Amino acid sequence: MRLLERMRKEWFMIGIVLAIAGAKLEPSIGVKGGPLKPEITVSYIAVATIFFNSGLSLNTEELTSALVHVKLHLFIQIFTLAFFPAAIWLFLQLLSVTPINEWLLKGLQTVGCMPPPVSSAVILTKAVGGNEAAAIFNSAFGSFLGIVVTPLLLLLFLGSSSSVPFTSIFSQLFMTVVVPLIIGQIVRRYIKDWLERRKPPFGAVSSSVLLMIIYTTFCDTFSNPNFDLDKFSLILILFIICSIQLSFMLLTFIFSTRNNSGFTPADTVAIVFCSTHKSLTLGIPMLKIVFAGHEHLSLISVPLLIYHPVQILLGSVLVPTIKSWMLSRQKGVKLTRPTV
């Protein structure tokens, strides 16, 4: 079983490399409006598949217990939609004296204002074996919350305002997150015995969908004409994004593993991924609406286009390390538990 799991991880990492290489060679296939139609296949079908898969594989008891874990949910949402944008704003006050393109820096602030994603954090949490139910809840709830909070944060930090079509975004989230999850849970009730007996490859399905998301994301990145702008600013922005991602992952890890935190190792996994990931699927449409007609919209969008693949790549690379830590901590808890 371990050999199969190791082989699956190796093939997944090879798949990531191939997906990026394919996007670099021919980005026109996976861009919006291209033959792959990611505006439909990714935004709707891929995301819906992920949450149907999660609903099908998740025990209802686990999801119910996740709903009442208020402390964990508050930690993730406050970090994502309050601490994250505020910390980025303070950091940008220092970066404002550097020669980095000012619109790329404004783009970094928009990244901080974005809600959590509806797919990558769940998949990575599941890959590690963390609290998947908590990841699902916070991905869905954070996305709904972001519909209202993100435009307000953009107005607060950047001073841009526009009418946001709450109804259409809410409808998309409901149809791609809530409905598939509920359907998956309903189907599970009828085939629960079969699922437990056959153990379908839920992880492989999620990994395949994630590869598709990675491919289309890099297609957007490589097809963006603004990647012809000065390489100095781009390299610095890439370095800053990696540093922010790793620093915030470490920060959430430290806070959630304190002795008095009350979080389990599985909770920490969900916290690390859900608190630091940002949604490209919701983010780009919001930016296009809030900054409609803005001459620097494409530059403002670049950091989010970079942040999304970086969070998936870093998360994927760290999966084995985080999983080893979680298993060792869980084993330690079992060994120290008194016998009756």
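From the backbone N, Cα and C atoms, a Cβ is placed for every residue, glycine too.
Remember, TrEMBL labels are computer predictions, not curated facts.
Among the features that TrEMBL reports, transmembrane segment is placed at 41-60, 72-92, 104-124, 136-157, 169-190, 202-223, 235-256, 268-291, 297-319.
The transmembrane segment (41-60) shares more Cβ pairs under 8 Å with 202-223 than with any other stretch in the list 72-92, 136-157, 202-223, 235-256, 297-319. Under 8 Å from some Cβ of the transmembrane segment (72-92) lie the Cβ atoms of residues 105, 108-109, 111-113, 115-116, 131, 134, 137-138, 141-142, 145-146, 149-150, 153, 157, 244, 248, 252, 255-256, 263, 267, 270-271, 274-276, all in the same chain and six or more residues away from its ends. With a cut-off of 8 Å between Cβ atoms, the residues of this chain six or more beyond the transmembrane segment (169-190) that come close are 43-44, 47-58, 60, 63, 118, 136, 139-140, 143-144, 147, 282, 285-286.
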